[in-house]
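Peer 1: Here's a structure for you.
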Amino acid sequence: MIQDTPVLIRRLPHAEGLDLPSYETEGSAGCDLRAAVDEDLVLQPGQRALVPTGLQIALAPGTEAQVRPRSGLSSKHGVTVINAPGTVDSDYRGELKVPLVNLGQETFTVTRGMRVAQMVIAPYLRALFEERNEPLPESLRGEGGFGSTGA
Ligand SMILES: O=c1ccn([C@H]2C[C@H](O)[C@@H](COP(=O)(O)OP(=O)(O)OP(=O)(O)O)O2)c(=O)[nH]1
Ligand SMILES: [Mg+2]
C-alpha cells in the first residue's frame, strides 16, 4: 500500500537549477536530497558540515520527515548523517539541512547537486503522558534489556 501525502515545497535562490527531492525508483521509501552548495565542500576525515538543500517544506499535520544517510555514501566513503535519523518537524519552515560527517579515512568532496541524504515521510504519534506513582504493568521482559536475551 502506498499512501501519498502532500508536501508543500519552496526553492530558495541557492537551489535554483537543482532537481527537487526525487524518488529514484517506484518503490523507494526515501527521496534523495541534493546539496545546494555554490562551491565544492571538502570534508576532511572526521570533519562535519551542515549541508544546505536550498529547500523549505511544509508537511501535513501529523507527519514528519526523517533525514537518513544513503547507504552508498556511508559504505563506500564513510559519509553519513551525524544525527541520523534527523527529525524535520511538521511545523518547521526553515531551510532543510543535512548534518553530514565524514567518518572515512579519505577526503570527501560534496559537489553541487550531489545527492547527500534521503528523506522519508512518516506519520507520528504523540504521547499523552499519564504519570504513575506505582509499578507499571508487568511484562515478560520486565526490566531486561541491553543484551538480556543473549547474542
Ligand atoms: O537533519 C535535520 C534535522 C533537523 N532539521 C531541522 C528541522 C527540525 O524541525 C529542526 C529542529 O530539529 P531538532 O528538533 O532535531 O533539533 P533541536 O536541536 O532540538 O532544535 P530545536 O530546538 O529548534 O527543536 O531542524 C533539519 O533541517 N535537518
Ligand atoms: Mg527540537
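Note that Cβ sites are derived from N, Cα and C of the backbone, with glycine treated the same way.
Reproduced below are the annotations present in TrEMBL:
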type	residues	note
BINDING	ARG70, SER71, GLY72, ASN83, THR87, VAL88, ASP89	substrate binding site
DOMAIN	19-150	domain 'dUTPase-like'
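Distances, neighbours, how buried they are, the whole picture for these features please.
Peer 2: For ARG70 (substrate binding site), the Cβ neighbour count at a 10 Å cut-off comes to 19, with all displayed protein chains included.
When the domain 'dUTPase-like' (19-150) is classified with DSSP, helix, strand and coil residues number 7 helix, 52 strand, 73 coil.
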Peer 1: Taking only the residues in the domain 'dUTPase-like' (19-150), give me the average pLDDT of this model.
Peer 2: 97
Peer 1: Enter the number of other CB atoms within 10 angstroms of the CB of SER71 (substrate binding site).
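Peer 2: Here the count is 10.
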Peer 1: Of all the Cα pairs drawn from ARG70, SER71, GLY72, ASN83, THR87, VAL88, ASP89, the residues the record ties to substrate, which distance is largest, in Å?
Peer 2: 26
